[in-house]
Every structure is written in structure tokens, then in C-alpha cells.
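> What TrEMBL shows for this protein is this:
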DOMAIN    43-318  domain 'NADP-dependent oxidoreductase'
ACT_SITE  76  active site, proton donor
SITE      106  site 'Lowers pKa of active site Tyr'
BINDING   139  substrate binding site
């Protein structure tokens, strides 16, 4: 259906009607209801680490094979190219209507000052070519110094932090809902205590907490807490982010885990498909990243089988509290979490 080449295209008009009917039937069983009343597709395309020249065709490929959930962020630096892909496929006379798509973006750490929030959101919307976002997340609870630099640093290389509290940022984000710029709000990388603080002051409650989550970091306690608050958990790096550029040779590779491989063999599925199925059976949405059309398609094909309770428990047992996506620096010869001294660093708490 999709030809991967220099000129991406969307589904032909002649097949559009049948295509839509099939996808509606599929999507009825593959979304998670949000407390806002929206339905968020459980599998979305992640765009972190998708480089310029690749992400446009990846988004087109995803939309063509049935994805209806695209996860973006200002800090990824590729929203303009994603917007080019959306312009090809979404809107009047195109393959998809805007209301058939669920698009998420995120407020970066340097834009936590209430005066900066709306401009940051409008910039993402302009880059994406959209009039509204379905979901807008606070990317981290930690504020960095205001300005145009994404990573403002001192002369010694350390990050310049701000003491702006995420509660104040949240109140400014709520105005975006009231202005129709976003349909719903959420959090990313927040621990349970920080979530509770937001819930106590929120007029528009967070509907999602997007966190690193995979079998080596199952987030069982945080998942339980979120579910008690009617907050959906979305897993970023749901497959363990094996392509993270800072991975070291001595770190375990989730997709190469022999126990996982044995489970995959039993179901005649790939290890990635088994992991994504494990997530969805727990009620966790996932945003696996890929720029390869065959893998993009494969990652969506996880709703035609079900893991047994024994296999779910076996995968649960892999957890070892292994975080792969916390920025680190070398200090006194040791690798340490870069932002651990920030007053709102989220990972000092147990969950």
C-alpha cells in the first residue's frame, strides 16, 4: 500500500472509503478512553530521535498503515517536518479528516514561565500546521532558565535551572484549553507526589502521564496510582530505546532478552510485538519510534493475539528499575543523573 521513496504519498481516493471503514472497525477496540471524554489510540508513532529527512516519510507511512496517534514535542526539533507530512494527508480533500487524528505535543522546560506558555503552544501548532492539539503535556516538572536556548548552560557546562513551580505552569496551560488551542492537558516524567500536587490545584485535570516504561521498568506502582486518579499512562521508549545514542556495551538489551525471545517464539510474533502487547493488556498506551515502514506496520499489529496470564506475569518479573532515558553526566569520575540537584527532579521518589 505504501511505496517508500523520495516522494511520500497518501492513500488514493479510490480506496479511501473502504480504508476508512476497515480502520474504524479496528480502532474501536484499540483506543483508551481519557477522562476528558476523548479516545486516544493505544499505539502511536513516537518521533523522538527521528532525524530530519526521515520523520516526514515515517509519519506518512504510519498514517497510511493505520496509525491515528502521532506523538511530538517542541524539543525534538522536527515538528515542521511532521507538519509537512500532516499537510499531505490530513484536511479537506485529503485522506484523513483532522478529527480522525490524535496529535500530542509537549511544553519544553525553558517555557515554564506563565508568560511563555501560550507562545510555545502556538509555535508548535504553527510548525505542525494545526489549529489545535488533542493533548499538550508538560514535558518535565523541571523548569530551565527562560530564553531561546533549549539547554541553557553555565560556563562549566551545567544547566541553568529556574525555580518556577510546575503548579504555576499548569495554571497557565489551563488557559490553552479555554482558548481552544488544546483539547486536553497532561504530564510527562512526573512522579506520583508531583501528580497529586497538580490534581489538587487543577481546574482541567491531567488526562495522561507519559513516562519511560518497558519490562525492565514496569512502573507498576505509578501505573496503579495513575489508574486510581483516572489518568492514563503512556509509555515512551516502550521497547527499551535500544537506539539511544548513549547506550553502553554493558547495558542489557531488552529486545535481545532470551526469555522474551522464547515467549515471542511461542506466539510466532516478534519480541517488539510481545512487549507492545504486554503494555496494552496492562492498559498502557505506547508510542514506539521507528522510521522503517515494515517496523512501523509491525508495531501496530499487536491486537490479533493475547498473552496468557502466566506470560504477563513472566514479563512483569523482568522489572529491575532500570531507567535508560535519564540524562547523565560524569562527575568526579562517576556517571550521575544530570538534573538530580533540581528542586523538582522527579526520580528521587520511589515512584
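Just so you know, glycine gets a Cβ as well, placed from its N, Cα and C.
No curator has checked TrEMBL annotations; they are predicted automatically.
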> Which is it, of 106, 139: the one of these recorded positions whose Cβ has the most other Cβ atoms within 10 Å?
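The largest 10 Å Cβ neighbour count belongs to 106.
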> How long is the line from the C-alpha of residue 106 (site 'Lowers pKa of active site Tyr') to the C-alpha of residue 139 (substrate binding site), rounded to the nearest angstrom?
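Given the Cα positions, residue 106 (site 'Lowers pKa of active site Tyr') is 5 Å from residue 139 (substrate binding site).
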> Suppose we draw a 10 Å sphere around the Cβ of the residue listed as 'active site, proton donor'. How many other Cβ atoms does it contain, all chains included?
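Looking across every protein chain shown, the total is 20.
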> Roughly how many Å separate the Cα of residue 139 (substrate binding site) from that of residue 76 (active site, proton donor), to the nearest whole number?
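Checking the Cα atoms of residue 139 (substrate binding site) and residue 76 (active site, proton donor) gives a distance of 11 Å.
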> Across the domain 'NADP-dependent oxidoreductase' (43-318), what does the mean pLDDT come to, as a whole number?
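Mean pLDDT across the domain 'NADP-dependent oxidoreductase' (43-318) comes out at 95.
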